[in-house]
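Student: Dropping a structure here in structure tokens format, bear with me for questions.
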Amino acid sequence: MFEPRKFKSVVEVDGPTTKIYRFHGAIVHPSGERIPVGTENLLLRECVLKNTDFVEGIVVYAGHETKAMLNNGGPRYKRSNLERQMNLDVIWCVLILFVLCVIGAVGCKLWLSSYENYDNHSVPFIPLAESPITEGFLGFWTFIIILQVMIPLSLYVTLEMAKLMQVYHIHNDVDMYDPETNKQIECRALNISEELGQVQYIFSDKTGTLTENKMIFRRCSIAGVDYNHPPPENVQNLKLRPGAPMPLLVNTQLQEDLCQVDLRQAPERSDLRQILHAQRIQEFLLLLSVCNTVVVSRHPHHDMMDASGVIESVPSVLGSHSGASVNVASSHAHRDNNLSSITARQSVVMAVGSTQTDKYSRLSESRSVTPSPPPPHAHSYPPHTSINFPTSDATPFGRRALNYPGSGKPPMEFPHQPILSPINSSSESTPTADSPTASQAIKQVSRPKLLNVPSLLSVCSSKKSSISKSGNSQNSQQRSATPSPCELKPIFEAESPDELALVDAAYSYNCRLVKRTPQFATVALPARKCMSVVLSHPITREKILYCKGADSTILPQLAPSDDFMMQQLIFRTQQHLNSYARQGLRVLVMARRTLSDVEYNDWLRKHGEATLMIENRERRLRESYSRLETNLTLLGATGIEDRLQDGVPETINALISAGIVVWVLTGDKPETAINVAYSAKLFSPQMELLKLSARSKDAAESTIMFYLADIERESPPDIGITSGPPGLNQVGVFARANVSSGDAPSQHQRGPLHSNKKRALVIDGKTLTYILDQRSNLQKPFLQLTRYCSSVLCCRATPLQKAYIVRVVKEQLKMRTLAIGDGANDVSMIQTADVGIGISGQEGMQAVMASDFALSRFKYLERFLLVHGHWCYDRLSRMVLYFFHKNATSVFLVFWYQLYCGFSGSVMIDQMYLMLYNLLFTSLPPVVIGVYDQDAPEELLLARPNLYRQGRLGLVYKPHSFWITMADSLYQSIVIFFLAEGAYHDTDVGIWEFGTTIATSCLFVMLFHVAIETRSWTVIHVFSIFVSIGIYFAFSLVYNSLCVQCLNLPSNYWVVQHAASSTTYWLVVFLSVVMALIPRFVWRTIETSLFPRDVTKAVLDKRRAARRGEDFLVSWSRSTSTSSIFRTTDYGAKDVNPSNLTVVG
């Protein structure tokens, strides 16, 4: 075990930095030996260890110097557009309050100055008055106190309560629950729910977001021959664990070609051409099996150490076959009692610990995020033998160098680079006669280690392989009666689903990856930017580089050849790649290179020097890999299908119909991305496709200017770029033609900058590099071009480019943006957007943790925005305006009374009523409006996505809405106060009875005002109004009956009882309600009848259709010349579903 007190080495690493994916350093031993360390040795905060019992490490970054703390910019607070407008209106309320207080102070001074014989006893009701100026100054602060309700502080509390309840109902929406993953929507942000109803731009990732991330191996091109693998017929009904590869139908032609050659026959008896092709197929399948990060295990991993660090005994999961134990090489290292020798620039350097027992034999199982489930039943394969070869590694970061001893040569040795001892991935596995024993491995390695050493590989072959032919007889005799690892399909675990699909495809052709440890990979052979692996052949001792990667990376590195056959092979493979891309498949190219000992040793020496560099280490390593991955020989290519998620085309079509601009940002090649865009209905056949693919700044500029000039020539003269800020790029068909001038949005809000001809833009990552460079001055022309397009597709985009595009659109176009993704590469984009949504898919939880909302499927985005987003915006907008209205009305009522009390600051309403006005009497109705009111039913909002326009353009809560509300409040306060004053004029009514009458009238006006603003009546709405009235009268009766001298306030004993017994009291209340609400009622009637908004018109059309019986559907059959009448039972169905129809005739 590692003993810190004996550690004598020094850890030299970079200083604290915010770059999470950058970590360079070295461990310097007392002898001067340097061991490089990198990001694979760094364990960050919140990391999760899988398939590992324990780790050993050194903590060097601590506290605020850790990368997590340095990247923590504090809590991110996103403020919605509605909240910004509300805050601006609150400032206006402060100014109105200031004006009222100034008027009151001036009025107080003028009223006191009106007495000619002014002394302390001549001013009525103010026996101790000071000078008019002093009284006016004190009156200003008095009015600040009594009129402070003008500033709606309670609005913020009510707003947060309404948002919390909205989020609760969204979270529990059963229509957005995914039974397959057992997940529902997760609301991680509580303060931007209304922003969901105002989204104008959506930026979406493709892989895992629009697609299933269930990879299907569909096609492969080997030596210029295309092999098709159609999906199973029942692929739609298969219930697979997330991330598991889809079942593969074996291509019979590929199987026959693979079995054409029998190396045990004499060469003259076989076709040499077929032998060469079969050998290429074998190499191709071998590359698929070993060039990956797939981990193999016989059983799920079970930690033997609990959270407290206590090692617990775990019952065997292997039955009678799990009794074998493996001795692990003992560890040793340079140690020191003095930990102070560790330098200040440190990090957490991890090494896997080991013991002499079998407790930690499962340390060989590396972490993974995409597990493959075990098969439903065991599959038996023909028995075979395997030969394990120890390997050595010198190429980190996904590139592995392997050595096969077998000719007496010692394994390659590296300066003090101990590696993990041979540990079987399952206790079922038994070393064969040719495999090294544990004691032999101990002689080769010094101690377990994960410092810069990824998983290592070895190869075993079956009977049909010439590599293992010499050992067949001996190994066959020594084969155990128990099933060997190659006879049962193991559990595959990979970092990405496409790797899993490739390994599973190779397994289907009996090229089986059956075991992998940190030193060995056992492959049973039948007779993403780039990943490489170097193998040393166990017989010929040839060192072979196998490389797979994107076509844009591999094809330029192919060796030039004059061989006509090779040129034809490359040409046919390129044709197959183009065909795969047009089919929407994810393509990878496979290649090889034979290395001489001199070439490999020279590269290994220079690579070792690069790993020890502190400065420019990443660049040196990239250059080192580039020197190795050249002059390649093409083997073939693969095409993997990543199916679209269910409902994606319908969702994107609905979002575009709602007027939302949809951008898809992907790292795929343009051909693949375009095909997926058509499948997802991001593009339509009627669209004109504009492509931006330039290799220089001048070419990008000329292309953009050409498209702009061509579009402007086709556009009508009255359509063009306005002087206002740029806006949406939607086609004009989304805007209603009969919108009144008052509701017509401005040009920068509508954004129909082109004719009815729809366009789509495709741009690649290289062109984006030139456009996003601020020195190029191409951002504005590019954004201007995008405004003429209905959809935009960005291909080969990097994560930083995704985030920068969102920021440019957000800041320069002043648009409200939403970003949605599922992987760590989407985190920057999600955090930059106004609303960030993470898909809880197969690529980890980074996107979800950085998001504001988490969905399980992309299809739920339609309901999330068009229904819940629409409701949230409409509800909160009307709730905020109502709050301003009721608070301003109560303030104006108190202010009008100052005209009759000499601006002395006296109030006619009891202080308890003023305090409970917002707390109890009028608190329920605004909450009900903000949480439960619906201006349109959900089925109507889903059936007519264009109704989302109301929130997207902010038609409910405009800047002038506040002033209309203030004018209405001013009118209602005048009616309430002066109607009561006229009724009680020249009477002996008391001040408290007068104030109680006004308070009652104000309450009833506010509650009936809510009734006019309510769009959908439910029991909750009625309950809130009647409960508010009941609370008011119950409190008044109790308070006026029991409280004679309460809280040192003037006595209101029996005031309500006396006032309510008067007919004048009830007539004043009735007339106040009618006269105060007549203007609003008349305006709502005229607006609904003559100038209805989109939502109102849609609701009225639905009601008229229901009354006229227009929910019938008549069908006629041409073949039978018969007709049928159906009644639709689901109005919201966008496409008529036969299951929703009832035959009536």
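Quick reminder: no glycine exception, Cβ is built from N, Cα and C everywhere.
The ATP binding site annotation in TrEMBL covers D205, K206, T207, E499, K548, R586, T666, G667, D668, R796, K802, N825, D826. Taken from TrEMBL, the feature Mg(2+) binding site covers D205, T207, D822, D826. Residues annotated as region 'Disordered' in TrEMBL: 354-445, 464-485. The compositional bias 'Polar residues' annotation in TrEMBL covers 422-443. Residues annotated as compositional bias 'Low complexity' in TrEMBL: 464-480.
I'm curious about the neighbourhood of these features; can you describe it?
Tutor: Sequence-distant neighbours of D205 (ATP binding site) (same chain, 6+ residues apart, CB-CB distance under 8 A): V664, L665, T666, K802, I820, G821, D822, G823, N825, D826, M829.
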Student: State the count of C-beta atoms found within 10 angstroms of the C-beta of K548 (ATP binding site), not counting that atom itself.
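Tutor: Taking every protein chain into account, the count is 26.
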Student: Out of D668, D822, D826, which of the binding-site residues is least crowded by other Cβ atoms within 10 Å?
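Tutor: Least crowded of the binding-site residues D668, D822, D826, by Cβ count within 10 Å, is D668.
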Student: With an 8 Å cut-off on Cβ-Cβ distance and a minimum sequence separation of at least 6, pull the same-chain contacts of T207 (ATP binding site), or say none.
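Tutor: Residues satisfying the criterion: N213, R586, D642, T666, G667, D668, D822, G823.
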Student: Can you count the other CB atoms that lie within 10 A of the CB of T666 (ATP binding site)?
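Tutor: Step by step: centre on the Cβ of T666 (ATP binding site), count other Cβ atoms within 10 Å, giving 24.
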Student: Within 10 Å of the Cβ of K802 (ATP binding site), how many other Cβ atoms can be counted across all chains shown?
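Tutor: Excluding its own Cβ, the number within 10 Å is 27.
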